[in-house]
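Q: Got a structure for you, questions after.
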Amino acid sequence: MEVLDLSVLLAILVALVAYISKGKLWAMDGNDTYASPYGASGFETSDLVETMKKTGKKAIVFYGSQTGTAEDYALKFAKEFQSKFKIPTMTADLADVSFENLQNIRDEIPDFKLAAFFMATYGEGEPTDNAIEFFDYLDNECDELPDLKYVCFGLGNSTYEFYNAIGKKTVEQLNSKGASLIGELGLGDDGKGTMDEDYLEWKDKLFDLIKDQLHLEEQAVKYEPSIAVVENEKLTTSSPLVSLGEPNSHYLNPKTDEEVKLLKTGPFDHTHPYLAPIQNTKELFNSETRHCIHAEFDLSNTNLKYSTGDHVAIWPSNSNEKVEKFLAILGLTEKKDKVIDLKSLDPTTHLPFPTPTTYDTVLRHYLEISGPVSRQFVKSARQFCPDSETEAKIPAIADDKDIFHKNVTEKYLNIADCLEVLSSGVKWDTIPFSFIIESVAKLQPRYYSISSSSSMEKQTVHVTAVVEQEKPSTSDHYVTGVATNLLLDIKKHQNKEESKLIDNFDLEGPRGKFHNKLPIHIRRSTFKLPSNPATPIILVGPGTGAAPFRGFIREKIKQVENGVNIGEILFFFGCRKSTEDFIYKEEWVEYAKKLDNKFKMITAFSRETEKKVYVQDKLLENAAKVVELLDKGAFFYVCGDAANMARAVQLALVKIYQEQKKVTEDIAMTMGKQLRVNNRYQEDVW
Ligand code: FAD
């Protein structure tokens, strides 16, 4: 055989192995079995039935998850189902299993009980990346599923047009194959902020139905650990084996040249970020109390690429204040740097982060400890109360959702706040740390619309982030967001400012690796300029909704510099006051000069006049111009607040069509819809 043939064969073999392993070879290293921030699969094989047979499982909970929320709910459901009905249950990432055996699952596992699907809807009603193959299987390979009894909970956002489309599609498709849905499809609504309560309501009703229909015996729910946490007396934090918050095991201890290269070349995604240097940070607001940060991430040392309109994900860590409070209420302050080993007690349970590690690291880098506490968490924590008085208080607070709302949610308590209030400050050193790891959601990356242009700044990603901090009237403390307050702290240190912040962070990170750096990855977006530069564009972006439009406009300037003929740009921007939160105020003036008569900016300041003025009002005022550009084929873009602004803009456009084209509301709505169908109405809203 010729050398060339041999090398081709070898390449095919490598590709085949990589394909069969679905990237798992890349994901593993000798140190631990961790790869994903949400955990790598613990299965030895992707064959569902084989895994279930080997591990004695009788039920399976699948998740289609993009950011980890659906996965968190799937894990919670699996744990409670197993504990309540004593049915060995496993969870599975939809991307990690092959589905062929789903069809005849009862032939293989005669006492198979139930499949559950936790399905997030992503973007414009699309499946999450890990669910694409599953729908492909249902569409093209699956004939019938008559044996399958299942339940389904969808995770969506009612401010989006395609609310819970994937949950609905899952049920539709499975039912059409003859599978039987127990109960109703659960609909979790992130838009109304009721995901937890939606889940609890659905689950509580469902468990009664499941009990009856599957003839199951119910037991008192008792926490059964799937992970053991064992203090390690031999290692200290100075050991290179101990994770101190490295995003994954490759960052912990890269041994080979290949592993070192991986940190520079990726591929980078939600399991493996790039540790990007932060070149420059600055304040964009002119206010004592409100902040908006511009931050620039340097990509020049990596092959990580982005294109104008994409999103960047920033991987945050929790603040010192939040971590210290959590450690204190668990009675772990003295032991915060003690090394702990995590061990999976169930072959199908993956470890959610690298091990060995420390208590402080887990709370700082891997768990979502800062956000609101869920009623479910409080109910489950009852079994570990430090004293009988605390135990007696819990049902009164956690059994009724309205009382919980008034006493906990409205007061903006996080987990540590809530535990402290319930026990009147007595330490909860009775809670197993494994319970914390298994019950608290994993800390997720935060997404930002990139505000730079890949043509103008190929190797730099700009972010424009408004800092989340407020003191609601029903709360006695400031409520702060994680990533944005971290950016604020980084800006303070980079610019050597003296200011005192509510939240302060460990900016050096594990072993000093995060000094002036943060882990990031890029997520491709469909929010893109028209391919023909001469097509006019209408941009509606109040507040930080202006972020991607700054990128679009910089892209247009580059096109002009390259001698390209560009179309008109009509940009509607809004904020409270022209003197306070008018972000990039000077830049827009410069852009207008460079783009000459092609660029027009129309501003709406909501707090400068007696009657509040918003971008939708300005759209109506400029109705004739909007329609003139749309008639010339303009693309219409909306970015920013999904809950109110995006809907108000849609309604304004219908009104504009109605008035300008003298048509009925129905026809105007159809015209608006047609724009969307033709990809000429694009939204990047959150
Ligand atoms: P989080 O920690 O996620 O907190 C979220 C909210 O919960 C905050 O308001 C916080 O104050 C509140 N909170 C905290 N604790 C509690 C509690 N105990 N009880 C109740 N509430 C609590 N944002 C931008 O500024 N610019 C952008 O360009 C941008 N682009 C985006 C693009 C996409 C595709 C998406 C999905 C989002 C985008 N966002 C953007 C929003 C951004 O991702 C973050 O959601 C936002 O910055 C807040 O992140 P955070 O970590 O600071 O807040």
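From the backbone N, Cα and C atoms, a Cβ is placed for every residue, glycine too.
Pulled from TrEMBL, these are the listed features:
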type    : residues                                                                                       : note
BINDING : 65-70, 120-123, 155-164, Asp190                                                                : FMN binding site
BINDING : Arg290, Thr544, Ser606, Arg607, Lys612, Val613, Tyr614, Val615, Gln616                         : NADP(+) binding site
BINDING : Arg446, Tyr447, Tyr448, Ser449, Thr464, Ala465, Val466, Gly481, Val482, Ala483, Thr484, Trp686 : FAD binding site
DOMAIN  : 59-207                                                                                         : domain 'Flavodoxin-like'
DOMAIN  : 271-517                                                                                        : domain 'FAD-binding FR-type'
Q: Sorry to bug you, but what's the C-alpha spacing from Tyr448 (FAD binding site) to Tyr614 (NADP(+) binding site), rounded to the closest Å?
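A: Roughly 23 Å, rounded to the nearest whole number.
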Q: Please list, for the domain 'Flavodoxin-like' (59-207), how many residues fall into helix, strand and coil according to DSSP.
A: 64 helix, 37 strand, 48 coil
Q: When you measure from the Cβ of Lys612 (NADP(+) binding site), which residues in the chain that are at least 6 apart have a Cβ under 8 Å away?
A: Ser606
Q: Using DSSP and collapsing to three states, where does Ser606 (NADP(+) binding site) fall: helix, strand or coil?
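A: Looking at the DSSP assignment, Ser606 (NADP(+) binding site) belongs to neither helix nor strand, so coil.
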Q: According to DSSP, which kind of secondary structure is Tyr614 (NADP(+) binding site) found in, if we only use helix, strand and coil?
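A: Tyr614 (NADP(+) binding site) sits in coil per DSSP, no helix or strand.
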Q: Looking at the binding-site residues Gly123, Asn157, Arg290, Gln616, whose Cα is closest in space to that of Thr464 (FAD binding site)?
A: Arg290
Q: Should we count any of the binding-site residues Gly68, Asn157, Tyr163, Tyr614, Gln616 as near ligand 1, judged by a CB under 6 A from one of its atoms, and which?
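A: Close enough to ligand 1 is none of the binding-site residues.
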Q: Between Ala120, Val482, which of the binding-site residues has its C-beta surrounded by the fewest other C-beta atoms within 10 Å?
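A: Least crowded of the binding-site residues Ala120, Val482, by Cβ count within 10 Å, is Val482.
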Q: Here's one to test understanding: among the binding-site residues Ser65, Ala120, Gly123, Arg290, Gln616, whose C-alpha is closest in space to the C-alpha of Val482 (FAD binding site)?
A: Arg290
Q: What count of other C-beta atoms do you get within 10 angstroms of the C-beta of Arg446 (FAD binding site), across all chains shown?
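A: Other Cβ atoms found within 10 Å: 21.
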Q: Ser65, Asn157, Thr484, Ser606, Gln616: which of these binding-site residues has the sparsest Cβ neighbourhood within 10 Å?
A: Ser606
Q: What's the CA to CA span in angstrom from Gln616 (NADP(+) binding site) over to Tyr160 (FMN binding site)?
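A: Spelling it out, the Cα of Gln616 (NADP(+) binding site) and the Cα of Tyr160 (FMN binding site) are 18 Å apart.
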Q: Reduce the DSSP letter at Val466 (FAD binding site) to three states and note it down.
A: strand
Q: Taking the binding-site residues one at a time (Tyr163, Tyr448, Tyr614), which has its Cβ surrounded by the most other Cβ atoms within 10 Å?
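A: Its Cβ has the most other Cβ atoms within 10 Å: Tyr448.
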